[in-house]
Amino acid sequence: MVYDLEYDVVVIGGGHAGIEAALASAKLGVKTALITLDKEKVGLMPCNPAIGGIAKGIVVREIDAFGGEMGKAIDATGIQFKTLNTRKGPAVRSPRAQADKEEYRKYMVNKVLNTENLTVIEGEATDIYLKESSYEVEGVEVDRRLKIRAKSVVVTTGTFLDGVIHIGDKRIPAGRMDEKPSTKLPDFYRKLGFPLQRFKTGTPARLDKRTIDFSGLEEAPGDEPAPKFSFWTDPEHSYWFRKNQKEQIPCYITYTTPETHRIIRENLHRTALYGGAIKGIGPRYCPSIEDKIVKFENKERHTVWLEPETKNGISIYPNGLSTSLPEEVQWEMYRSIPGLENVVLLKPAYAIEYDIVPPTELYPTLETKRVKGLYHAGNFNGTTGYEEAAGQGLVAGINAALRALGKEPFYIRRDEAYIGVMIDDLTTKGVIEPYRLFTSRSEYRLHLRQDNPVLRLYRKAYNLGMLSYEQFKAVEEIEKEIGRWLDIYRNERRKIVSKGETRSVSAYDLLKRPDIDVNKLKEYGFETPESDYVAEEIDINVKYSGYFERERKMNEKMRYLENIKIPEDIDYSQIAGLTKEVVQKLTAAKPLTLGHAARLEGITPAAITAIMIHLQKLKRLKA
């Protein structure tokens with residue numbers, strides 16, 4: 001075949017997964033193309049105008065630790081910043097920000113258009129070419145005419161694959177409102193026998209701010225000082241709070257009423273969801289308002305957050321009110337809510353159905369098991385959220401570039417990052433509904449905190465080529481400083497009087513007390529670090545040292561299994577002691593390590609022992 005263009009890596013889709021995939025690939029020095037229908041819509045926020053949230057905000061900081069862009073973008077374009085769960089322990093805290101969605105989009109458009117090694121090509125990816133007589137990527141077709149050769153292809157099509165919008169009984173083929181769906185690419189997947197699942201999500205109407213009465217509503221301001229997402233924003237200041245405070249725009253809170261619920265109940269049969277038009281599975285943790293009314297019928301009211309979509313614009317996003325009701329019923333429903341009695345809808349709410357490929361079709365590198373050099377990321381893997389998509393995009397983009405360079409693939413383990421937890425969940429367990437990340441999904445959540453992503457990941461990022469030497473040395477120095485102060489606090493002692501007795505106590509032991517932090521050590525005659533960030537890390541490390549030790553021991557056991565690799569060509573039917581069911585599951589899943597195999601549903605400890613014995617036999621035979 002004659003190709004018109006040639007790139008090392010081609011990324012299909014300019015959403016949040018596609019952006020991080022393309023930027024990561026380009027950063028590793030390979031010639032990269034990003035194919036998108038409209039370059040001016042790169043980085044668009046089609047649903048909520050926000051970045052972060054529980055676990056999701058930590059993912060953004062992990063992306064940043066690998067040199068990704070999402071954290072920098074939201075720091076530059078956010079209009080309200082909060083830290084969630086501040087009254088709880090450090091394991092569950094997480095940053096969240098309201099974005100000026102137009103400024104965020106412009107930031108990302110500018111970034112992809114001005115990145116070395118990256119070219120943006122407008123058009124629809126209509127086919128993926130394979131090498132003759134093999135299941136290996138060779139190129140991509142655009143608009144049924146342009147042929148692009150590629151060593152690796154990353155598919156990040158979001159909700160576009162055979163996407164259909166539902167508003168009441170209206171059915172509109174679309175990938176997003178006013179954007180055509182991808183109808184050609186699904187043929188490639190069907191032809192190769194990839195299974196497809198049908199998922200559904202939705203978005204609320206957009207409201208005209210000028211027609212809302214905010215006077216009786218509860219104001220929800222941002223935090224002061226405002227948290228930030230990128231370690232490198234104001235780096236000379238406290239590492240997770242801004243030096244230069246930005247003006248923050250408040251959100252407002254209102255609630256549904258019994259009248260709201262009556263309108264919805266009387267029109268349930270007219271919704272696409274309950275009227276039978278939608279067959280796709282919707283997100284459990286972000287249900288439509290009609291779903292809430294049905295499933296929580298005894299609840300008197302549901303919270304609605306009124307979130308500005310831009311700093312100076314008129315559009316308000318009513319978080320909590322997505323629906324597939326007919327448009328005329330939507331007007332009635334929205335106007336039954338306090339503050340919205342005279343509201344004007346700028347755009348109607350809608351539900352959208354789309355196809356995904358089950359993520360069990362992927363290795364933990366996000367490469368497909370059926371086709372070499374083909375990677376998937378984002379909603380196409382069955383996840384929800386910009387942050388989950390971006391995290392997958394980063395991993396897929398790095399691995400696509402490494403493959404093009406002929407290098408070994410890259411993995412993130414469960415104990416290293418929430419990105420690793422998510423990818424392991426997806427590729428091991430699969431999805432029966434849109435997947436959302438929570439801190440509760442991780443057994444290592446005390447280690448995977450919001451304050452330490454760069455400390456956890458900077459060495460791995462630097463070794464990959466995703467961080468500069470200057471960045472590496474900056475973080476290394478912080479890590480060394482934390483270690484120095486911990487040594488000082490273990491060894492330095494002061495005499496204190498307690499219950500009439502004088503005794504010698506180390507700073508380390510004092511810090512174990514819940515009422516004493518690093519700053520309070522001054523009262524006992526100890527010196528303290530200048531950096532607030534170093535002080536915070538010391539405080540957490542000491543107070544939770546017992547829990548960390550427990551996590552470390554558990555981690556050692558799991559890492560032992562993770563380090564035992566399983567050959568790609570292994571024949572499980574030849575392993576004594578495995579049942580037929582176990583053989584079928586292992587053959588389908590193709591686990592890369594014994595740890596991966598151990599996490600598969602239905603794989604018993606006895607089966608893992610049998611595989612380990614078999615691998616030891618193979619090793620002896622080769623010796």
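Note that Cβ sites are derived from N, Cα and C of the backbone, with glycine treated the same way.
Just so it is clear, the model here is predicted, and its values are computed rather than measured.
Annotation source Swiss-Prot lists FAD binding site at Gly13, Gly14, Gly15, His16, Ala17, Gly18, citing sequence analysis. In sequence order, Thr156, Gly158, Ala377, Gly378, Asn379, Phe380, Ala389, Ala390, Gln392, Gly393, Ala396 constitute the residues six or more apart from Ala17 (FAD binding site) in its chain with CB-CB distances below 8 Å.
Annotated NAD(+) binding site per Swiss-Prot: 282-296, in sequence order, evidence recorded as sequence analysis. Proximity of Cys286 (NAD(+) binding site) to non-local residues of its own chain (separation of 6 or more, Cβ distance below 8 Å) is seen for Thr201, Ser322, Thr384, Pro434, Arg436, given in sequence order. Under DSSP, Cys286 (NAD(+) binding site) is assigned to coil, being neither helix nor strand in the three-state scheme.
Listed in sequence order, Gly43, Leu44, Thr156, Gly158, Gly378, Asn379, Tyr386, Ala389 are the same-chain residues at least 6 apart in sequence whose CB falls under 8 Å from the CB of Gly15 (FAD binding site). In this structure the C-alpha atoms belonging to Glu290 (NAD(+) binding site) and His16 (FAD binding site) are separated by 28 Å. Residues within less than 8 Å, Cβ to Cβ, of His16 (FAD binding site) and separated from it by at least 6 positions along the same chain comprise Gly43, Met70, Gly378, Tyr386, Glu387, Ala389, Ala390, Gly393.
Of all the binding-site residues listed here (Gly13, Gly18, Gly282), it is Gly282 whose C-beta has the fewest other C-beta atoms within 10 angstroms. If you draw a 10 Å sphere around the CB of Phe296 (NAD(+) binding site), it holds 11 other CB atoms from the protein chains shown.
DSSP assigns Gly13 (FAD binding site) to coil, not to a helix or a strand.
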